[in-house]
Amino acid sequence: MLVHSRTGRAASWALFAVLFVPLFAVPLLVILAASFSTHWSGAFPSGPTAGHYTAAVRGESLQALTTSLVTAAAASALALTLGTWAALAAAALRGRGRRLLDALFVLPLAVPSVVVGLAVLVAFSRPPILLNGTRWIVILAHTVLVTAFAHQSVSAAIRRLDPMYEQAAAGLGARPWYVLLRVKLPLLLPSLGAAAGLCFALSMGELSATMMLYPPDWMPLPVLVFTATDRGSLFTGSALAVVLMATTLLVLLAVSRIRTKATYR
Amino acid sequence: MTSGIRFDAVSVAYGDTTVLDALTLTVEPGEVMALLGPSGSGKTTALRTVAGFVRPRSGRVHIGDRDVTDLPPYKRGIGMVVQQYALFPHLRVDENVAFGLKARKHPRAEIPGRVAEALEMTGMAAYARRHPRELSGGQQQRVAIARALAIRPDVLLLDEPLSALDAQLRSGMLAELARLHRELPDVSILYVTHDQVEALTLADRIAVMDRARLQDCGTPQELYRRPRTEFTASFVGNANLLPVRVTAGGAELAGTALELPTDGAAPGSSATLCVRPHLVGLGAGPNALTGRIAEVQWRGATHRLYVDVGGHRVKADVRELRETPPLGSEVTLHFAPEDAVLLAAGVNDG
């Protein structure tokens, strides 16, 4: 323990509360309070109602939630596949080739997502690959954005993976494909789960690139939250935001349960 | 079918560093060959060239009649056990043991029987449904051996298999390995270790390695009784190595004439006298050496005396003494002529 004395520990908890509560907890609590309110004239929102939630889980809102879930699931699956593939390929390389491949996949992290959105828009707005106006362009942009995270966390896990397992398997007569499927991927499963959760959460919350790309029939929930508050419907927007947050949390919780099951040591 | 291992001038280098220098060695079918040496001697590298994890810069490796030098590890048909066991943590014990059989597409119906047999042989049948993390180090090692044996390899590679176990467990496992080899007399075993006791106990022959080179090779008795190099003499059994001058009937150490077999060494030449500490006795006798006690260590059943004889330190392991001689007192040591070996000076670089 970093701090030993009783008063020291109390003081550090107090400091933590002072920093954490206003910065992280209060804004989220305010959103939660606003989502149950009809007006906000004093210090706190008032006029309790559950009406915004009734609206938030039907019609356009429900469709936006489904859109977000499908987009995030598709983008995470694609990103995980591509990122893992690239990480495995990079691990087999040495020196410059490895650094180049790693840098290429990390690039979207360094580029603002608005720029990625614009790049995808410009690149796929004319033949031969015309994706503009379809849902695929949104999924593609999300995939580009989150693959970097998948690649990073999986390649870190591959570096930690002891080569003795691979060698033991090869020594027992397992071909490289068999080793990948039966030894390496199962051992990487916890990290793959973590990467999937991260990609999913990032995709669920993506707004800036999506704003430039989404077609009318494929509007993810963050866009709806933005337009609702932009119109001045703060309470509806808050309810949508809470739904977005709760859904993401539920999915992450489910993923982490799988991860716990997949942790061996 | 039985097959041995043949190293044919195998060299391995990383950049400018040679880690294995032209190793030529044959492990006969069904033989246990220990590769014994300190760390960095190239013994593990030699084993890994057989497994296929290290590619020789030059030379060929044969398993039986097959030249396996260019084969990937999965085509070599070897069983291997490493120091850290490398059991697959996500698979249960029986799944670990079945791994090699499944990977080789062994007939599915025969797998459970082979797994049970291998677990039975290593005394781990009761633990088949456990995960490796639920086993002790010794049990994990047994499973690793069962996993290697399940594929019925002609060649078993053991890389310091006991060094992660504590001393008591180690001697038990050593006996187990000896029993396993009696049950599987056709399997050739290459056993890498830095522990001379393991090598002496288990091996039919020992290859002594140092600084990337094979120093000596022979049966444990040969190496122990008649080492050919100073390195072997000191690494196996920690012998006394004393510089002497060869005479007509023996040798001369610091002015004392000694009687011992010279094996044709030219009188007047320099040589190294090798005699085991436990073969040096206290008191008068043949080949008496007089010196002063420099240090006394009590080792339970024995006392180890360090005696300065004419500027050379002689180690003697004697039965526990009732009264330990005081430091600096004069004592006489002796050894039988047939217990001494003369080594030509300079052969340790060989």
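Cβ coordinates are placed from backbone N, Cα and C, and glycine is handled just like the others.
Note that TrEMBL annotation is computational and uncurated.
Sequence annotations record features per position, and here TrEMBL assigns domain 'ABC transmembrane type-1' to A:65-255.
Among the features that TrEMBL reports, transmembrane segment is placed at A:12-36 (among others).
Annotation source TrEMBL lists transmembrane segment at A:69-93 (among others).
Residues or ranges marked as transmembrane segment by TrEMBL: A:100-124 (among others).
Residues or ranges marked as transmembrane segment in TrEMBL: A:136-158 (among others).
Among the features that TrEMBL reports, transmembrane segment is placed at A:187-214 (among others).
The transmembrane segment feature in TrEMBL is assigned to A:234-255 (among others). Residues 28, 31-32, 34-38, 40, 45, 52-53, 55-57, 61, 64-65, 68-69, 72, 193-194, 196-197, 200-201, 204-205, 221-222, 224-226, 228 of the same chain lie 6+ residues outside the transmembrane segment (A:234-255) yet bring a C-beta within less than 8 angstroms of a C-beta in it.
Listed as Cβ neighbours of the transmembrane segment (A:136-158) (distance under 8 Å, sequence separation of 6 or more from its ends, same chain) are residues 71-72, 74-76, 78-80, 82-84, 86-88, 90-91, 102, 105-109, 113, 116-117, 120-121, 124, 188, 190-192, 194-196, 198-199, 202-203, 206, 209-210, 213-215, 218, 220. If one looks beyond the transmembrane segment (A:100-124) by at least 6 residues along the same chain, the residues whose Cβ comes under 8 Å of a Cβ in the stretch are 83, 86-87, 89-90, 93, 130-132, 137, 140-141, 144-145, 147-149, 151-152, 155, 206, 208-213.
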